[in-house]
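Participant: Please find one structure pasted underneath; my questions will follow.
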Amino acid sequence: MRKMGVVIINFKAYKEGFGKRALELAKIAENVASRCDEYVGIAVSFLDLPVIAREVSIDVYAQHVDAVGFGSHTGRINADMIAEYGAKGSLVNHSERRLKLADIEFNVSRLRELGLTSVVCTNNVPTTAAAAALNPDFVAVEPPELIGSGIPVSKAEPEVVENSVKAAKEVNKSVRVLCGAGITTHEDYVKALELGAEGVLLASGVVKAEDQKRALEELVGLL
């Protein structure tokens, strides 16, 4: 029997995952999480995070934090701020919100100091190994050309998943590796686990689905 897998749903800035619809989807995720054997977390916009973190029992992540502390940083949102509003942690360096190496290290370190979870996104094997060296909780490898494509990385580029897991573990045995890009079905999810990943980071496969509840239920094997 395999151990619990990890499913983190990134709401991005999709209309279907913002405001009232974000809260509705968060409650769907909470309901599905209560009925399956997988860990289900969600990454939501800064504006939705305080409300959703209060309203659901599953873990809620920020999609990004700025690599700054408190001070003269107009328009920035740092790790301390999301902690105060109930976030479990944050994505770091998503392909749509890339950071410099020093900023990734700053965020991972500060999130750890606050007792928050860091999910560092990478795009290939070398960057996965480099990210693992920073000692985040998770590294999520997502080839950018497959993001939102509906073509799962676990099928299109299985060697990227396998080699990323191997490279990360050689650097840091405790880091957990997720894979993303194009994940939409239970078959995609199971394949990712078979390749050595401990779970998936996905977005459009659930958020933009015509029936979000059914899409998530199918992904985690409830259908």
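Any Cβ shown, glycine's included, is placed from N, Cα and C.
Model, not experiment: these values are computed from the prediction.
Sharing the record's features from Swiss-Prot:
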ACT_SITE  H94  active site, electrophile
ACT_SITE  E142  active site, proton acceptor
BINDING   N10, F11, K12, I147, G182, A203, S204  substrate binding site
Participant: Determine the Cβ neighbour count for the residue listed as 'active site, proton acceptor': the number of other Cβ atoms within 10 Å of its Cβ.
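Facilitator: Summing over all protein chains shown, the residue listed as 'active site, proton acceptor' has 27 other Cβ atoms within 10 Å.
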Participant: In terms of DSSP three-state secondary structure, what is the assignment for N10 (substrate binding site)?
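Facilitator: DSSP call for N10 (substrate binding site): strand.
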Participant: Just counting, how many other CB atoms are there within 10 A of the CB of F11 (substrate binding site)?
Facilitator: 24
Participant: Quick check for the class: what is the C-alpha distance, in angstrom and rounded, between K12 (substrate binding site) and E142 (active site, proton acceptor)?
Facilitator: 15
Participant: Judged by the number of other CB atoms within 10 angstroms, which among K12, H94 is the least packed of the recorded positions?
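Facilitator: It is K12 that, of the recorded positions K12, H94, has the fewest other Cβ atoms within 10 Å.
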Participant: By Cβ count within 10 Å, point out the most packed of the binding-site residues listed: N10, S204.
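Facilitator: Result of the Cβ crowding comparison: N10.
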